[in-house]
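Visitor: Here it is, the structure, as structure tokens.
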Amino acid sequence: GDGCGHTVLGPESGTLASINYPQTSPNSTVCEWEIRVKPGQRVQLKFGDFDIDDSDSCHSSYLRVHNGIGPTRTEIGKYCGFGFQMDGLITSKSNEITVQFMSGIHTAGRGFLAAYSTTDKSDLITCLDNASHFSEPEFNKYCPAGCVIPFADVSGTIPHGYRDSSSLCMAGVHAGVVSNTLGGQINVVISKGIPYYEGSLANNVTSKVGPLSTSLFTFKTSGCYGTLGMESGVIPDSQVTASSILEWSDQTGQVNIWKPENARLKRVGPPWAAFISDEHQWLQIDLNKEKRITGIITTGSTLAEYYYYVSAYRILYSDDAQKWTAYREPGMDKDKIFQGNTELHQEVRNNFIPPIIARFFRINPLKWHQKIAMKVELLGCQFSIGRAPKITVPPPPQNKNDDKSDDFSDDFIHSVKTSLQTDKTTFTPEIKNTTVTPSVTKDVALAAVLVPVLVMVFTTLILILVCAWHWRNRKKKTEGTYDLPYWDRAGWWKGMKQFLPSKSAEHEETPVRYSSSEISHLRPREVPTMLQTESAEYAQPLVGGIVGTLHQRSTFKPEEGKEASYADLDPYNSPIQEVYHAYAEPLPITGPEYATPIIMDMSSHPSTPLGVPSISTFKAAGNQAPPLVGTYNKLLSRTDSTSSAQALYDTPKGQPGPGAADELVYQVPQSMAHSAGSKDE
């Protein structure tokens, strides 16, 4: 009738609308749709929008649904009303249904839009449903055929996502997950929106640029949409051929050859162009082995001075490059014509549903602008599903019906081959990286394992070196600012030896001890010699006086040069020493806590009170012998020169017992103190 609007009737689903929808339908029009699905199945009908004038109680304007087709059909229901809401589905009793639309005299009413499918599609939606109609973050729905409609909008593209106001089914066609001719299942995922949605042309659907939205949606797919090697160069030049090549000379005399290997998407430079522009030209790509081809992307010449592009083409494929098959959608008896480019720069994508399984791929341009010129890229993945074993048919018996038997065998083999090819496309493909050739997939897998391991090893080595360097710097900082220079660290080991275990005691310095009985048997000259068994490391301080108690070491280093004479030792007349060591040497850990006191002989000074003995009030360290140096005799002779050959010490106060030999305190001989006092008198 004259009241039919947008209509696509597929074998399992479809879409139908009244004329001029969504605008007001014209007066006095009628349309009738007869829908038939496979035997044994039933039909379900769902309305996306219903707005029919009901001013005459559905007498002249209405929608009527019937079970069956023809004179034997029976009515299911008659519907009218403005903004009529029908939540449920209208279901037929058989595999056939008739929908009749009548429009009388009216002033308002958009008409209707409805979708149908077989009853096994329980999640059927219409072409008008969008993501904002569903609250679930992820859901599955069935889109009917025919959802590429001019009155629905789509904003966005893959893989970034589509704006939530976009038609779900129309976006599914644009994304290549469902066919406009067949419909299909979609798996939708809702996520947070983005500020800007790009536009593109794909599968005869133009996606518009969209503004910011609160949410967006994407589709879950098998993942078989990788590039097959035209842009990357995995497909070598020798495997890209063409029916003819455009070759010409420009005004400067330079020869330009637009070879077929130039037909690589996003490559800078000229494209492939045919020498003759007619419907017999083709561009052929050899994939080296069978691949699962799910789509194609094309552009024009991409050169502003050469406004060439292909606006429509068909696809042929083959396994041997001899017998070619034109691509058709299931259930169709005509070759599918794909929409090409509308200008020379924009990329246009077309998907194959179901995918093509082939090695050789051919593009046959049918319409073009000025000249046939294009760049392409194929989408898909490796076809890794094992082929079924080859079917062998036993030879028929030799009889008069040989010709009929041969025909039967050929038909049987052809039917088996067709069924195997159909089965191959029903399995979910194994997703692999489609940007490399099959010959290097093993190397890529090995590299994928080795590269992270090597990176971890090198990272560990670098961390070890950094830690070692940091520890070394910290060690240097802990040595202190006033530490000894490296040339004066000779005594460091001697200080550290005292922290070693007792087994190494034989290497330590052993103090020399003398009992009073041993000293009494020695002659006066032998006393200093015996006391110098272990010489002091440093000289005594260059000052006058008697040292009553001598410790192991002095805190002053001896002055180099000539030995100081008696006159030089006068604390008042002694000249200022010209050379001194820059730093005082550290005290040993085993030595006394304080430096050895310097005791000056004040008895010979005129201001000293008479009779004051020159006796040290400190006692020597108990575990170390007083170290004496060569100037010891000179210091002793300063007390008085009357009896230098006599013993300088008497017996210690009190006879020590057998176990009291650790510490001996000596006092100045009384005879020397008295003689000094009498002399002053």
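Using N, Cα and C of the backbone, Cβ positions are placed for all residues, glycine too.
Predicted automatically and left uncurated, TrEMBL annotations should be read as such.
The disulfide bond annotation in TrEMBL covers CYS4-CYS31. Under the heading domain 'CUB', TrEMBL lists 4-119. Taken from TrEMBL, the feature domain 'LCCL' covers 121-217. Under the heading domain 'F5/8 type C', TrEMBL lists 224-381. Taken from TrEMBL, the feature region 'Disordered' covers 643-662. Annotation source TrEMBL lists transmembrane segment at 444-469.
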Visitor: Please list the DSSP helix, strand and coil residue counts for the domain 'LCCL' (121-217).
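Guide: With helix first, then strand, then coil, the domain 'LCCL' (121-217) has 11 helix, 38 strand, 48 coil.
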Visitor: Given the disulfide-bonded residues CYS4, CYS31, which one is most crowded in terms of C-beta atoms within 10 angstroms?
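Guide: Answer by Cβ density within 10 Å: CYS31.
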Visitor: Kindly state the mean pLDDT of the domain 'LCCL' (121-217) in the predicted structure.
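Guide: 94, rounded to a whole number.
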Visitor: Under the DSSP assignment, what numbers of helix, strand and coil residues are found in the domain 'CUB' (4-119)?
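Guide: Grouping H, G, I as helix and E, B as strand yields 0 helix, 61 strand, 55 coil.
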